[in-house]
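Novice: The structure follows.
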Amino acid sequence: MANSKYEYVKSFEVEDEVMPPNLIVVHIDGRDFRRFSEVHEFEKPNDEKALNLMNQCAMAVLEEYPDIVFSYGYGDEYSFVLKKTSKFYQRRSSKISSVIVSFFTSVYVTKWKEFFPLKELRYPPSFLSQIVCCASLEILQAYLAWRQRDCHVQNQYNTCFWELVKKGGKTEMEAQEILKYAKEQDRNELLHQQFGINYNDTLALFRQGTCIFKTEVEYIVKYNEDGTPVKRLRRKAGIFRSENIAGRRFWNAHASLLKELGNFSEDCFKTNPDYIRSFLFESKLMPSTWIVIRIDGCHFHRFADVHEFNKPNDKQALDLMNLCAVAVLEEFHDIVFCYGVSDEYSFVLKKDSQLYQRRASKIVSAIVSFFSSMYVMKWKDVFWKKELKYPPSFDGRAVCYPSNEILQDYLAWRQVDCHINNQYNTCFWSLVKSGKSKSEAQNYLKGTQACEKNELLLKEFGINYNTLPLMFRQGSSIFRVKRENPTLLENDASSVEKIETKIVTEHCNIIEQSFWEAHPSILN
């Protein structure tokens, strides 16, 4: 980060470390997936392809993040358990939660066509995520038992409900009324007597959910001259199922789980959901403050290299970021202003926002997940000649700012940082392209002032820094503007003023007060 007089705004950032020895569980859940499943015509009560897509996303998450040692999922949700000694992102809740939900979402969109080759992805899917702090292994055991119990109860109910609607001729309201007070045994009898279905014979995928964790698998790495294979043990993620994933018989039979998490000493027969919910690592953001959600690309230096982005700036890559930010503004009406540069974006929510009851994890995960989804979906619109070689991911955090002045200073800080970084990078890559090594370029620029960098660009490379594209030098500001549009009344010569709202993207100076005076509706 560049040093400036606006640096003080960093003091408003709050640490959210999950202290050891708490076990960290990341729970993700589909955002409005009931509508998503209807729009995409998923089979009811279960769509096997949709569930297998979720499982493949979870598998990819385990392969990407070695600290995740166990996952369990069903329907549109998944839980990821980190090893007890994990130092992933310094155990910062917002970082862990957001990067996992972002990567999961990107993989979901990337793999959609593998599972639904004949179905168009009509709009971007997104997920919410939360951290559960399990104070002991017994709490983790109870948590897993609770989620699997929920899987069974929901699946049994949904199986009955859709059989009544599809084959029983009932309306959805009539089916709900029939099942309103039905107990587990009643539902089993209904399925068996009316529809000839033995619930226990239905697919384990539907009834039990899916566990994914790594086990040691023997691989042939090469062959000796005499043809004999040389074998090595490697850890590979695999899918497992059990009627009781929280039972000792299942858990203690897997060495990897015992090593990374520990053994279950007793079986778990009863769970108290309210007690388990008390371990949610959740904070409500301070009321009557501006909420800023800042997202950053994860390892985007490598991502830019792999995808051969132009240096120091790739206009197409920045255009893609801006497209995603516009989509976020359209999706979340409480967002009033966005500012982006390079691989980061800041989203400002209005002071009185009640989005997700101001719960930090839900707001951050919803925005990060939706942004990630749009990034993958819009990739071909911008890079129509480039293949997306692997799923991108972003992390995010929420910060509250109490006044307009401090919020404006935050945005000024980001724009100053944009200028300083862009000026440095322009000099750096000009030197590298002229034949210097990266180390030589760094040493050459060490300690130079802004005026010296400008002089270097002009004298050595014929570049007037002040004539470079504004998007590179000042970043991108996205906001809504209201315009009056005269509309003629039918059979009348008179007209009325209709207020129209339009989203605009500008590359301008937001440090000067004149910008905010020209657009008073943003902060008012």
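Indices start at 1 and increase along the chain as displayed.
Cβ from N, Cα, C; glycine included.
Feature table excerpt (TrEMBL):
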| type | residues | note |
| --- | --- | --- |
| DOMAIN | 6-134 | domain 'tRNAHis guanylyltransferase catalytic' |
| DOMAIN | 139-222 | domain 'Thg1 C-terminal' |
| DOMAIN | 274-402 | domain 'tRNAHis guanylyltransferase catalytic' |
| DOMAIN | 406-512 | domain 'Thg1 C-terminal' |
Novice: Which whole number is the mean pLDDT over the domain 'Thg1 C-terminal' (139-222)?
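Specialist: Summarising the domain 'Thg1 C-terminal' (139-222) by its mean pLDDT gives 95.
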Novice: With DSSP helix as H/G/I and strand as E/B, how many residues of the domain 'tRNAHis guanylyltransferase catalytic' (274-402) fall in helix, strand and coil?
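Specialist: Grouping H, G, I as helix and E, B as strand yields 55 helix, 33 strand, 41 coil.
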Novice: Summarise the domain 'Thg1 C-terminal' (406-512) by DSSP state, stating how many residues are helix, strand and coil.
Specialist: 56 helix, 25 strand, 26 coil
